[in-house]
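Single-structure report; data block below.
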C-alpha cells in the first residue's frame with residue numbers, strides 16, 4: 001500500500017493533442033510570439049533581426065520549425081544572435097501547419113523546456129515551417145502572431161487574403177528594398193493589406209531600413225507590456241482554410 005507522501009504526489013492529467021504536462025513554473029511565463037508565412041518570405045531573417053534588436057534588453061529564446069531538417073535553427077545559431085543553447089529546432093514532418101495549429105505538443109515542450117532551463121524568460125519567438133497563406137498558430141501555443149509576406153511574392157498577395165493576412169496581430173510586408181527590382185508598389189501593397197485587415201497593423205519592413213526595424217521592435221515591446229500587465233488577450237485569426245495533402249498522417 002503506498003505511503004501518504006507517495007499517494008499525494010501529483011499525477012499528469014489526461015492529454016489531448018494540445019495538452020501535455022509540465023510542472024508549473026515558479027516564475028512569470030514568457031510572452032510567446034509566433035512568426036508564420038510562406039516559404040521564402042524572410043521569417044528567419046525577422047527572428048534574427050528581433051534578436052539583434054532586443055536581446056540586449058530582454059531574456060529571449062527561439063524555437064524553429066522545419067519539415068525534415070534544423071536548417072533555420074542552424075542559420076540563427078551561425079548568425080550569433082543568441083547563445084546557441086537558447087535556439088531549439090522542432091522537425092514537423094510534411095505538415096508544418098499541424099505542429100503550430102492542430103497538435104502543438106512538440107512546440108509547447110520545446111518552449112517550456114527552454115523556460116525551465118533558462119527562465120525567467122521575457123520572450124520566446126516561435127517560427128513556423130514555411131507554409132501557405134492560411135497558416136495560423138493555435139492560441140494554446142502563441143500569445144501573439146506575426147505573419148510575413150514579401151514583395152517578391154507579387155504586389156497582389158495581400159489582396160488574396162487568408163487568416164494569416166487578415167487576422168494576425170501584425171502583418172509584415174518584408175523585403176521592401178527589393179520592390180524596384182520586382183516592379184511592386186509598396187505603398188499600394190500596404191494599402192491593400194490595410195483594407196484587408198480592417199484596422200489591424202501593417203508594417204513595411206526591410207532589414208536595410210533601421211526605421212522599419214525600430215517599428216518592429218517597438219511592436220514587440222508594446223505586446224510584451226500588455227502581456228506583463230495582464231491586459232493582452234491572445235486572438236485566434238481563425239482556422240486554416242480547407243486544404244488537402246498528398247500524404248496521410250498515419
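Please read every residue number as a count from 1 along the shown chain.
The backbone N, Cα and C atoms fix where each Cβ goes, and this holds for glycine too.
TrEMBL annotations: computationally assigned, not manually curated.
According to TrEMBL, the compositional bias 'Low complexity' annotation covers 1-17.
According to TrEMBL, the feature region 'Disordered' maps to 1-24 (among others).
Among the features that TrEMBL reports, domain 'CobW/HypB/UreG nucleotide-binding' is placed at 33-202. Restricting the average to the domain 'CobW/HypB/UreG nucleotide-binding' (33-202) gives a pLDDT of 94.
The GTP binding site feature in TrEMBL is assigned to 37, 38, 39, 40, 41, 42, 43, 44. Using a 10 Å radius centred on the Cβ of residue 43 (GTP binding site) and all shown protein chains, the other Cβ atoms total 27.
The region 'Disordered' annotation in TrEMBL covers 230-250 (among others).
Shown are the binding-site residues 37, 38, 40, 42; of these, the residue with the fewest other Cβ atoms within 10 Å is 40. DSSP assigns residue 42 (GTP binding site) to coil, not to a helix or a strand. Residues within less than 8 Å, Cβ to Cβ, of residue 41 (GTP binding site) and separated from it by at least 6 positions along the same chain comprise 130, 148, 149, 150, 153, 174, 175. In the structure shown, the C-beta of 44 has more C-beta neighbours within 10 angstroms than that of any other entry among the binding-site residues 39, 44. Taking the mean position of the Cβ atoms of 37, 38, 39, 40, 41, 42, 43, 44 as the GTP site, the remaining residues of that chain whose Cβ falls within 8 Å of it are 130, 148, 150, 174.
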